[in-house]
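Working notes, beginning with the structure itself.
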Amino acid sequence: DRDSCVDKSQCAKYGYYYQCDECCKKAGDRAGTCEYFKCKCNP
């Protein structure tokens, strides 16, 4: 789910990150980006 995207993320500090995007889409959101080492989903 969406929380697992954020909780498991240890991603690049800035910008688009593929795994966040994929995980967020599976959780039902449009896309995901990485901000300050955490995934952020876009509803």
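Cβ atoms are placed via backbone N, Cα and C, with glycine included.
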In Swiss-Prot, Cys39 sits in a disulfide bond; tell me which of Cys20, Cys23 is on the other end.
Cys20
In Swiss-Prot's disulfide listing, Cys34 is paired with one of Cys5, Cys11. Which one?
Cys11
At the Cα level, what's the spacing in Å between Cys11 (disulfide bond) and Cys39 (disulfide bond), rounded?
7
Spatial neighbour of Cys34 (disulfide bond) that is closest, considering only the disulfide-bonded residues Cys5, Cys20, Cys23 and their CA atoms:
Cys20
Fill in the CA-CA distance, Cys20 (disulfide bond) to Cys5 (disulfide bond), as an integer in Å.
6
List the residues of the same chain that sit at least 6 positions away from Cys5 (disulfide bond) in sequence and have their Cβ under 8 Å from its Cβ, in sequence order, or write 'none'.
Cys20, Cys23, Cys24, Ala27, Gly32, Cys39, Cys41
